[in-house]
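K.L.:
Annotations for this protein, taken from TrEMBL, read as follows:
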{"type": "DOMAIN", "residues": "44-484", "note": "domain 'Amino acid permease/ SLC12A'"}
{"type": "TRANSMEM", "residues": "46-69", "note": "transmembrane segment"}
{"type": "TRANSMEM", "residues": "75-101", "note": "transmembrane segment"}
{"type": "TRANSMEM", "residues": "122-148", "note": "transmembrane segment"}
{"type": "TRANSMEM", "residues": "154-175", "note": "transmembrane segment"}
{"type": "TRANSMEM", "residues": "187-208", "note": "transmembrane segment"}
{"type": "TRANSMEM", "residues": "228-245", "note": "transmembrane segment"}
{"type": "TRANSMEM", "residues": "266-290", "note": "transmembrane segment"}
{"type": "TRANSMEM", "residues": "323-342", "note": "transmembrane segment"}
{"type": "TRANSMEM", "residues": "368-389", "note": "transmembrane segment"}
{"type": "TRANSMEM", "residues": "395-418", "note": "transmembrane segment"}
{"type": "TRANSMEM", "residues": "439-462", "note": "transmembrane segment"}
{"type": "TRANSMEM", "residues": "489-511", "note": "transmembrane segment"}
Amino acid sequence: MSKYEDEYDMSDRYEMDQHMLAAGRHENLAPEQEGLKRDLRLRHMIMIAISGTIGTGLFLTSGATIATAGPGGALLAYVIIGLWLVFVCQAIGEVATLLPLPGAFNAWGGRVFDEALSFQMTYMYFIYWALTIPAELSASAVIIEFWIGKDSSFPSWVVPLIIIVLMVFINMAGVKTYGELEYWFSILKVLTIIIFIICGILVDAGAIGGTTYGFSNWHIEGAPFKGGFMGFIATLVTVGYSYGGSEMTGVTAAESRNPHKHVPKAVNTVLIRIAFFYLISIFLLGSIVANNDPLLINADGSAAHAPFTIVFVKAGLKGAANYMNAVVFTSVFSAINSDYYVATRMLLSLSRNGWAHKRIGYTNSRGVPVVALGIVTFCSCLSLITIFVGSGVVFQWFVSIIGSIIFQSWILILFLHFRFRYCWKAQGRAVGELPYVSWGYPYGNILATIIGCCCIIATWYLSIINPPHHPGADASEDMLATYHEERDAYIQGLLGAWFPWVMSAILFFSYKFTRGTKLIKAEDADLDTGRFVPSESDKEDLKPHGPAWKRVLKMFV
């Protein structure tokens, strides 16, 4: 096979397979798969998996983690949550390669455990992405302040509104346009982080900027573990938000041209992304920017500037700082693009499973769920109201809620993977029959489950300790102001830690009792409907091509 054929997944033969798929001869389609287009190529899947969701999580909230837990505490939090995520993505890869459903892992519950769990997970995952959109829109307003100034009379809602309009046009163009944009945005983000790491090393060593930092910020007051254990666990939800979206490979699998090839390659990039993008970046940020630097978080609790930008400012490279802020802004735009994509697919899954109005599941000739897109756009417009509360304040509140929902989704994914393997074995099927087998099972899953449970319990504990106490009627204005700040932070913590679990319990038990659902027996689990059956061109595409050294290199790059 030529290099051209390999890069573009043998497009000519793929078109023939698409006609077979439309005629129903390619695979036993699940209702939620009908009408979608398999237009995502390998390069799209890889780049979306590597950096498609890198946005406000890494570029904005990383400053808050260092300010709260110090450089050591922040780095440890990213390592632990990253280890959890690696095995979550492996679980997703195994099942999504076999069953590439738009509902992704949220649909597994209805296959192997209880339909009520699938109902609950799909609605919660939609809520997660529906809340992520206003969080990203709020962040876009914060980033613009770098150029126009915080006291500018420029309306803060204009830029988010422009982004919403652009999102409608992009998503109406179809999944291929989404994948192409994410591909180029991801390249920009990857190159920028590589440049940042190089510049960060030079700044830390004193080669540029005039100051040698080295490990000095790891030995200042409070460092390396600022706030001790409590400071560490206070960053867990924020770090979870930063990693959020890494699991969306399970969603994009439904519109991948060849899930058997693309999904495994995509999920196997997660470890590289965590080690290279997140851990090295956090280490350099913690080394260069002191945990007590007022630029990390401003007086009213909102992010002042992206911490990546602060590094360039310290280097004395004002032009580079403007460039970095522009990249952060395009990253937020890219992240919102992903938000729209996943939110519309969750609504599609809800509709096709009979859990939302059937018209919401309508797709046009380009495979776009247009009614779902309209609903997501309407919700996005409503979110503009939150901008008036204060972009930074709104962003921090959403981070608390979204981070907890992410934790819940990840722990349930691991549970359903255990259940999937149990059902697979109970039906007399061998593990070797799976198109992709997650590495590290079951020990990796057990370790990840322990980490996940500890993180969730820690966030619960953190949310209920140290409630604020009113200073009394004779308190000064400063004391009352401090009390109000502590009260708001306490409410934010309670809402973030408990909302996902209370809401999930309501969804699960209300559906279970009204529909009378029961636990699905392992031997009755549906592990075939919607299963991807590769065509001859797909099978040919799975065969190794090219010299051995190139195949080895492709495993890492």
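Cβ coordinates are placed from backbone N, Cα and C, and glycine is handled just like the others.
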K.L.:
Counting only residues 6 or more past its boundaries, what in the same chain has a CB within less than 8 Å of a CB in the transmembrane segment (187-208)?
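P.N.:
Same-chain contacts beyond the ends: 47, 50-51, 54, 214, 276-277, 280-281, 284-285, 287-288, 308, 311-312, 314-317, 320, 324, 327, 330-331, 334.
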K.L.:
The transmembrane segment (75-101) and the transmembrane segment (368-389): do they have three or more Cβ pairs under 8 Å, with pairs 6 or more apart in sequence?
P.N.:
no
K.L.:
Rank 75-101, 122-148, 266-290 by Cβ pairs under 8 Å to the transmembrane segment (439-462) and hand me the top one.
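P.N.:
So the stretch in question is 75-101.
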K.L.:
Under 8 Å, at least three CB pairs between the transmembrane segment (154-175) and the transmembrane segment (395-418) (pairs 6 or more apart)?
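P.N.:
Output no: the transmembrane segment (154-175) is apart from the transmembrane segment (395-418).
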K.L.:
Mind checking which residues reach the transmembrane segment (122-148)? Cβ under 8 Å, same chain, six or more beyond either end.
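P.N.:
Residues packing against the transmembrane segment (122-148) from afar: 55-56, 60, 103, 106-107, 154, 156-157, 159-160, 163-164, 244-245, 302-303, 305-306, 309, 322, 325, 328-329, 332-333, 335-336, 339-340, 342-343, 346-347, 349-350, 353, 355, 376, 379-380, 383-384, 386-387, 391-392, 394-395, 398-399, 401-402, 405-406, 408-409, 500, 503-504, 507.
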K.L.:
For the transmembrane segment (266-290), name the stretch out of 75-101, 228-245, 323-342, 395-418 with the most CB-CB pairs under 8 Å.
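P.N.:
Result: 75-101.
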K.L.:
Which stretch, 75-101, 323-342, 395-418, 489-511, tops the Cβ pairs under 8 Å count with the transmembrane segment (228-245)?
P.N.:
395-418
